[in-house]
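Read the structure below first, then the notes.
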Amino acid sequence: MGRRNRNVNKFAQRKRERKEQAKNPQEKPAADTRKHYEDIVRENAAFEEYYKNQKVCPEEEWLDFMTSLKENLPTAFRITGSKCEADALLNIVKSEYFSDILNMKIKNEDKEEEEEIKPISLPWYPGGLAWQLRLSRTDIRRNELLYKLHNFLVAETAAGGVSRQEAVSMIPPVVLKVEPHHKVLDMCAAPGSKTAQLIEFLHAEEDKVPTGFVMANDVDNSRCYMLVHQAKRLNSPCILITNHDSAVMPSLITTDEKDPTVTKPLKFDRILCDVPCSGDATLRKNPDIWLKWSTGNGNNLHGIQYRILRRGCELLAVGGRLVYSTCSFNPIENEAVIHRLLQEIGESVKLVDVSDMLPGLKFHKGMTHWRPASKDMVFYDKYEDVPEKWQTVVRPQMFPPKPEDLDKYNLEKCIRILPHHQDTGGFFVAVFEKTSQLPWEKAEEQKMETNETAEVSKEEKKEPPKKKRRMGGYREDPFVFFSGDTEDVFPSIKEYYDLKSDFDSTCLLTRCHVGKKKNIYLVSSVVKDVVQKNENNIKIINTGVKTFVRCDNKNMTCPFRLSQEGLPSISQYIGPKRRVNILKEDLILVLQNDNPSNPPDIKLFSEHTQNLVKDFATGSCILEYQDTESNLKLTLVGWRGVHSLRAYTATPDTVHYLRLLGADYSKYDVNKFKKASDVSDEADTNNVAEVSQCSTSENEPNGDKENNGDVSTNETSNINST
């Protein structure tokens with residue numbers, strides 16, 4: 001008998017399979033039968049029969065419900081970022097983009113008539129920052145009149161100023177009521193739009209690092225990297241991304257605030273439980289669901305949805321709040337899961353009515369009666385009626401509460417959003433609060449044995465673990481925290497950037513034990529504690545925000561430059577000697593001249609700025625701008641060359657800042673409907689002034705070239721092409 005669980009060489013296995021196939025050729029697989037969304041017939045008789053029988057919608061609304069489901073989903077987005085930037089961007093959106101389309105009409109192909117596309121502010125979203133347009137993504141992409149709006153959404157999404165997200169998908173983080181001190185867990189986080197909202201709410205108090213954090217988890221390793229991408233746009237030192245099956249999420253520990261020498265179980269103040277579901281409430285966005293919908297989809301998912309919710313309740317702190325949500329109409333995935341949990345846990349967790357947090361939102365209350373069905377579309381009123389062959393599909397836990405027990409569960413406090421209510425997708429939301437320990441939670445769990453993780457010893461540093469290859473990819477790089485102010489590279493960083501004494505250098509980390517430190521990341525102190533106490537118990541994919549980047553340059557006394565990603569987190573600790581309070585016209589000059597091989601010469605700047613940077617040492621610095629007429633404040637990474645000054649920002653950020661400053665960014669705002677020759681002619685015309693403006697420094701014998709103290713061209717070009 002061979003060894004069990006032995007490693008299999010996948011490459012050799014594939015080679016054997018190819019040889020086997022050559023010996024025994026099989027019939028070619030059937031052709032791809034998938035259809036373009038526009039060609040899909042948006043009908044499914046089983047879907048209509050099932051939901052008519054379940055009475056998810058009042059009979060008098062059924063026609064509106066089905067009509068709405070067959071139409072394309074409107075575009076929705078929200079303004080993100082710091083309050084001053086969000087306010088400025090919102091004013092620009094209203095004045096420059098919405099004003100052009102307020103009276104515009106566009107042909108609705110579904111109704112074969114023209115409709116107004118007036119923007120609608122979602123009344124229930126805080127700050128009026130979320131908007132919906134009666135336009136699908138296809139409409140925006142294909143209509144030449146809307147190309148500027150399309151370019152705006154694409155560019156600002158890349159820069160992190162806008163998040164494009166389905167309107168109803170924004171609801172769970174709103175009702176979760178996250179505050180800066182909360183420990184937050186997003187159990188099924190990918191692709192990350194809701195996670196982004198959680199981080200935004202966590203950072204509600206600007207100019208302060210939150211004392212809480214967000215742990216974003218997903219079971220799919222590849223989807224975890226979508227979360228990494230979202231996190232990079234949000235520039236937060238307070239996020240961890242983990243890769244686990246949330247139904248069996250491991251118990252974590254943290255340092256006890258009362259006695260730092262011991263640990264205690266980590267319980268979360270807020271948990272988002274947006275579980276995997278059949279997704280039939282997203283039919284407007286994903287029409288292919290019409291082709292593959294069946295009653296079995298919801299029945300098959302009920303068990304895993306329950307297990308995730310149950311584990312979430314175990315990880316929730318007493319007094320904490322948990323939100324369970326799906327994008328499904330099916331009561332088997334919604335109220336049946338809620339009912340099953342409440343049956344088991346008694347009164348230790350209760351449903352909460354949050355309708356007062358969502359002013360202006362139209363919805364139906366949760367269902368109190370439904371009928372589970374087998375795959376042959378037979379409905380059952382009680383489990384005893386289920387034939388033996390279907391008893392593994394229709395389970396006893398899927399049935400509704402008895403009429404006399406309805407008051408125990410308060411299922412009407414759940415929220416059901418249907419697409420015809422306010423021209424959205426469908427959604428289900430239930431909000432729980434934990435009032436006491438669950439029946440099966442043992443008291444001794446609160447006294448877990450201390451499992452302190454010591455700082456990496458010098459001996460371990462000498463012999464770092466080798467990066468072993470395994471099937472399916474490499475192991476994650478380690479998280480190596482700085483030992484303190486004596487860390488080899490830190491003294492030069494501290495002196496060069498004039499870091500304040502209260503900066504905690506032990507919150508800096510790298511992803512390697514030996515070799516040159518290329519990127520240095522920053523985390524908050526609470527995230528550092530969670531990582532150090534649990535990295536052997538949980539698979540952490542990513543954490544921290546990139547703060548310093550190695551930039552070996554002969555004219556730079558410190559080998560590390562600042563990173564724009566981490567600037568909001570580190571800026572408050574950097575002293576005045578690496579700061580430049582730049583004027584508006586100078587900042588615009590810096591941003592518009594973004595060619596790294598030909599940065600703007602110091603002589604082109606105002607006398608004010610020239611005097612400020614006259615005695616500046618070559619290298620990385622902070623460019624600060626404060627609008628005297630508004631509360632707009634911009635902070636950018638700059639680079640002081642021998643004879644030049646430039647911004648060190650990626651192209652999307654450059655466009656974002658130029659837009660906020662009301663400056664010209666037309667060279668980035670290309671009309672894709674025009675011929676390439678027309679666009680290039682316009683670009684040549686627009687660039688004449690720039691070329692003549694920069695020619696002074698280029699033609700000088702001692703001009704400010706790329707190797708005289710500025711950042712290398714190749715490195716910056718890569719950034720600007722992001």
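Counting begins at 1 with the first residue displayed.
A Cβ is built for glycine as well, from the same backbone N, Cα and C atoms used for every other residue.
Where the annotation comes from TrEMBL, it is an automatic prediction and has not been curated.
The region 'Disordered' annotation in TrEMBL covers 1-34 (among others).
Sequence annotations record features per position, and here TrEMBL assigns compositional bias 'Basic residues' to 1-17.
The compositional bias 'Basic and acidic residues' annotation in TrEMBL covers 18-34 (among others).
According to TrEMBL, the feature domain 'SAM-dependent MTase RsmB/NOP-type' maps to 65-435.
According to TrEMBL, the S-adenosyl-L-methionine binding site annotation covers Cys188, Ala189, Ala190, Pro191, Gly192, Ser193, Lys194, Asp218, Asp245, Asp274. Within 10 Å of the C-beta atom of Gly192 (S-adenosyl-L-methionine binding site) sit 25 other C-beta atoms, taking all shown protein chains into account.
Here TrEMBL flags Cys327 as active site, nucleophile. For Cys327 (active site, nucleophile), other Cβ atoms within 10 Å of its Cβ number 24.
Annotation source TrEMBL lists region 'Disordered' at 442-471 (among others).
Residues or ranges marked as compositional bias 'Basic and acidic residues' by TrEMBL: 442-463 (among others).
What TrEMBL records for 676-722 (among others) is region 'Disordered'.
Annotated compositional bias 'Polar residues' per TrEMBL: 685-700 (among others), in sequence order.
According to TrEMBL, the compositional bias 'Polar residues' annotation covers 709-722 (among others).
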- Query: Within 10 Å of the Cβ of Cys188 (S-adenosyl-L-methionine binding site), how many other Cβ atoms can be counted across all chains shown?
  - Reply: 23
- Query: Within the chain of Ala190 (S-adenosyl-L-methionine binding site), which residues six or more apart in sequence place their C-beta under 8 angstroms from its C-beta?
  - Reply: Asp218, Asp220, Arg223, Cys224, Met226, Leu227
- Note on the structure: On average, residues of the domain 'SAM-dependent MTase RsmB/NOP-type' (65-435) score a pLDDT of 92
- Message: Rounded to a whole angstrom, what is the C-alpha distance between Gly192 (S-adenosyl-L-methionine binding site) and Cys327 (active site, nucleophile)?
- Response: 15
- Item | Distance from Cys327 (active site, nucleophile) back to Asp245 (S-adenosyl-L-methionine binding site), taken between C-alpha atoms, in Å | 20
- Message: I need the CA-to-CA distance for Lys194 (S-adenosyl-L-methionine binding site) versus Cys327 (active site, nucleophile), whole Å please.
- Response: 13
- Query: 10 Å Cβ neighbour count around Lys194 (S-adenosyl-L-methionine binding site)?
  - Reply: 26
- Message: Let's check the environment of Asp245 (S-adenosyl-L-methionine binding site): how many other CB atoms sit within 10 Å of its CB?
- Response: 16
- Note on the structure: Rounding to whole Å, the Cα atoms of Cys188 (S-adenosyl-L-methionine binding site) and Cys327 (active site, nucleophile) are apart by 13
